[in-house]
Amino acid sequence: MAIFLDALAPLFGLILVGALMRRLDFPGDAFWPLAERLTYYVLFPAMLFYRLGNAHVPLKVLIETGGFMALMLTAMIACLLVVQALVRWHGPVFSSFFQGGLRFNAFVGLAAAEALLGDPLLPVFAVAMAIQIPLINLACIVMFLCAVGEGRTGAAGVLKAIARNPLIIGSVAGAFWGATGIGFHPLVGGMLEPLSGMTLPLGLLTVGAGLRVRALRGASMPFAASAGAKLLLFPLVTTGLIALTDVSPPIAQAAILLSALPAASSSYILARQLGGDAPLMAAIVSGETLLAMATMPLVLSLLR
């Protein structure tokens with residue numbers, strides 16, 4: 001467990017620094033939304049394109065990764081539906097519980113993958129992440145339509161946003177470029193490499209700045225259930241599927257790490273757009289991020 005603590009402590013330390021900077025109003029409230037947009041739309045896609053473009057991921061690995069990602073998501077969705085059948089929360093509450101049990105923070109994920117998996121396995125993790133993002137978004141949209149309705153934005157608008165998702169575009173473009181084996185011209189690579197280096201530190205600071213600690217006051221049963229499902233149950237379900245399917249070790253490691261990640265801040269945005277319980281979603285995102293500081297080293301050390 002000490003190995004995982006040593007690797008993950010700096011990542012969560014940056015998150016806490018971001019939260020402290022936001023609390024001290026430094027460098028100002030106007031900075032953080034702009035930093036988040038810069039990271040999400042420019043730096044993160046550039047990093048994915050550069051990392052995947054420099055690596056060749058075989059077609060067999062892509063197919064195996066896609067199949068296992070779909071399997072683990074299907075199994076976890078079934079678990080969440082069983083919980084809902086037992087407790088019967090009303091639509092908006094269930095939607096936040098559902099999102100909190102499935103969605104993951106890509107910034108934390110890639111930073112953890114870089115620290116724990118290293119350069120050889122990082123492309124596999126990036127591919128797994130790129131496959132999961134649209135699948136999870138589609139599952140959440142279907143869930144919203146069934147449990148809540150169209151909401152303010154509508155499913156069509158969200159589907160268009162998924163198609164324009166810069167993380168998906170960067171990953172797909174990078175995977176195709178890597179498959180060509182051409183590599184990058186020194187000029188292009190020389191620009192992409194420093195952009196990649198800026199991504200995770202700034203991304204983790206924005207994650208910390210986005211924490212809504214006040215939302216945790218009076219945290220409810222749906223919050224506890226969602227956090228338990230995402231941070232504990234999902235890794236256990238994934239580990240069971242790995243044992244049953246005998247998936248290759250690189251994909252297994254990527255899958256366990258993905259399943260142990262806390263929920264993403266984009267869950268809160270989707271809850272507002274489609275009529276979910278946004279305050280509960282804010283509590284789930286912030287609470288899972290804080291709890292993951294303890295659960296991720298423990299879970300990853302037990303399930304490695």
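A Cβ is built for glycine as well, from the same backbone N, Cα and C atoms used for every other residue.
Remember, TrEMBL labels are computer predictions, not curated facts.
For 31-50 (among others), the entry in TrEMBL reads transmembrane segment. Sequence-distant contacts of the transmembrane segment (31-50), counting only residues of its own chain at least 6 positions beyond either end whose CB sits under 8 Å from a CB of the stretch, comprise 22, 106-107, 110, 126, 130, 166-167, 169-171, 173-174, 177, 184, 189, 192-193, 195-196, 198-200, 202-203, 205-206, 209-210.
The transmembrane segment annotation in TrEMBL covers 62-87 (among others).
Among the features that TrEMBL reports, transmembrane segment is placed at 124-146 (among others). Nonlocal intrachain contacts for the transmembrane segment (124-146), taken as residues 6+ away from its ends with a CB within less than 8 angstroms of a stretch CB, comprise 48, 51-52, 57, 61-62, 65-66, 69-70, 73, 77, 94-95, 98-99, 102-104, 106, 109-110, 113, 117, 155, 158-159, 162, 165, 167-168, 171-172, 174-175, 250-251, 253-255, 257-258, 270, 274-276.
What TrEMBL lists as transmembrane segment is 167-188 (among others). Sequence-distant neighbours of the transmembrane segment (167-188) (same chain, 6+ residues past either end, Cβ-Cβ under 8 Å): 40, 44-57, 62, 106, 123, 126-127, 129-130, 133-134.
The feature transmembrane segment is assigned by TrEMBL to 194-211 (among others).
As annotated by TrEMBL, transmembrane segment applies to 223-245 (among others).
Counting residues 6+ beyond its ends, the transmembrane segment (251-271) has Cβ neighbours under 8 Å at 61, 64-65, 68-69, 72, 76, 92, 95-96, 99-100, 103-106, 108-109, 112-113, 116-117, 121, 124-125, 128-129, 132, 140, 144, 158, 207, 210, 226, 230-231, 234-235, 237-239, 241-242, 277-278, 280-282, 284-285, 288-289, 291-292, 295-296, 299-300, 303-304 in the same chain. Sequence annotations record features per position, and here TrEMBL assigns transmembrane segment to 251-271 (among others).
Residues 1, 3-5, 8, 12, 15, 92-93, 96-97, 99-100, 105, 108, 112, 116, 207, 210-213, 215-216, 219-220, 222-223, 226-227, 230-232, 235-236, 239, 256-257, 260-265, 267-268, 271-272 of the same chain, all 6+ positions outside the transmembrane segment (278-303), place their C-beta atoms under 8 angstroms from a C-beta of that stretch. Feature annotation from TrEMBL assigns transmembrane segment to 278-303 (among others).
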Which sequence-distant residues neighbour the transmembrane segment (62-87)? Criterion: at least 6 residues beyond either end, Cβ under 8 Å. 94, 97-98, 101-102, 124, 127-128, 131-132, 135-136, 139, 175, 221, 225, 229, 233-234, 237-238, 241, 245, 247-248, 251, 254-255, 259
